[in-house]
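Working notes for the structure below.
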Amino acid sequence: MGGFAFGAVVSKMNNLSTSDHSSVVSVNLFVALLCACIVVGHLLEESRWMNESITALAIGICTGVVILLFSGGKNSHLLVFSEDLFFIYLLPPIIFNAGFQVKKKQFFRNFMTITLFGAVGTLISFSIISLGAIHFFKNINIGSLELGDFLAIGAIFSATDSVCTLQVLNQDETPLLYSLVFGEGVVNDATSVVLFNAVQNFDLSHIDAVTALQLIGNFIYLFISSTLLGVFAGLLSAFIIKKLYFGRHSTDREVAIMILMAYLSYMLAELLDLSAILTVFFCGIVMSHYTWHNVTESSRVTTKHTFATLSFIAEIFIFLYVGMDALDIEKWRYVSDSPGTSIGVSSILLGLILAGRAAFVFPLSFLSNLTKKSPENKIELKQQVTIWWAGLMRGAVSMALAYNQFTREGHTQLRGNAIMITSTITVVLFSTVVFGLLTKPLVRHLLPSPKHLVSMISSESLTPKSFVVPLLANSQDSEADLCSTMTRPTSLRMLLTAPSRSVHHYWRKFDNAFMRPVFGGRGFVPYVPGSPTEQDDSQWQMDASK
């Protein structure tokens, strides 16, 4: 009896050892593929068509094919797609870095338009895709889908890919487009997740006006509370670093507290069932406005590089992950007997995405232009077309929501669910590759950059100073000001002679009078032992004692 028990323990340990070994092999191969994506992306840097997201997708698909061949058609990926891995570990650094690096002046100048596109536009797109899916899919034999499934499809395919937007649009060449498309993408992702959760939580058997009002009220509550939580986390980090002077002992502590406070804001939002995407985005904006200026110069350079690097690796990881999982043989096995059905469903979804986005971009742009007096601030038709096109890409958020709705722990046994998963994969791959490839040429064709601006960007990118000065100066606002002074010098002169009393003007007065004395910010000099600041402080104390 004892020998049998001992043998069972040894057998179990051998199984664990084999499992651990395969996990180590998988991680090694995945890290090697990440390195390959970075190298190939660097070699294709000058390509006007390719970007790193498409490169990672292509490498992931090729790797999936190789694994599929070596495994005899049984497996195609090293890791199984997990929405928990995506939402908890990969998405936070991407969204936080986007808020940390975004040009705040452009973002808040267009905040109402961004909110209009991201919230109202997503609701319009959600309605069109859901109603279209109900109308078209009932005529196709794809299995039994309930009302909740159709509404979930609307939420899934309303989520634009803000990650891919970072790859195809340039913040310096097209600052207005970048702020509108990416800002809308962040609000859009948050709105889509809120709608998706609402569809899962609300009783859809009795839909009436009260339920609709509850849904709208729930969204407004989540939007405001998530934003306030992000602002609070950012201000708390600024206050802690300003008061405790971590830099006098170790810059590592400054960097660590910034990273951990940012991640804590995201996890707190998840814990409180809020929109973690909005929370960490606004936390990044507040940290770049206050906290970043409270740390030492070496910590500023370190945090800029650290946040950008984490975001970059997470982006490549996601697209590599999606590319490898796209060939999961288990899901394609259920649709192998009727490939025409899967192609038809994917085509319908792509058509609904095109129609749903057009249904809100052009009408809401018209409404937004009615509120703007200056022609320079209005969204032209060519810009509207670019905004419509750049937001057609679907990515990992859609994948994660689809897996959550139509699989159980990454696996599915129902034909209808398998068709929806494979159709989602097809839409994500097609939109990312085709729409992503054509976005850069479309922007260059419709909105050619001024020659002097292109030459300035290219010349600055070759000088060592261009790598250091923006990091030390946090030149998000100064770059926008620089572009405005180059393109419209007369308007700046008019502004200096007759300053306007805008919302931004009153915010700057409030910020300088109340916020910066408490939370620091631009102009605050961190205390470092032995520095001129310390000597000035000691001299000031001696003078005060006299």
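The backbone N, Cα and C atoms fix where each Cβ goes, and this holds for glycine too.
TrEMBL has this to say about the protein:
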DOMAIN    32-444  domain 'Cation/H+ exchanger transmembrane'
TRANSMEM  23-44  transmembrane segment
TRANSMEM  56-73  transmembrane segment
TRANSMEM  85-102  transmembrane segment
TRANSMEM  114-138  transmembrane segment
TRANSMEM  219-241  transmembrane segment
TRANSMEM  275-293  transmembrane segment
TRANSMEM  305-323  transmembrane segment
TRANSMEM  343-367  transmembrane segment
TRANSMEM  387-406  transmembrane segment
TRANSMEM  418-438  transmembrane segment
When counting C-beta pairs under 8 angstroms to the transmembrane segment (275-293), the leading stretch of 23-44, 56-73, 85-102, 219-241, 343-367 is 219-241
Top stretch by Cβ pairs under 8 Å to the transmembrane segment (387-406) (candidates 23-44, 85-102, 114-138, 343-367) is 343-367
Examine the transmembrane segment (343-367) against the transmembrane segment (85-102) and state whether at least 3 Cβ pairs sit under 8 A, considering only residue pairs 6 or more apart. no
Quick tally over 56-73, 85-102, 114-138 of CB pairs under 8 Å to the transmembrane segment (305-323) gives the top stretch as 85-102
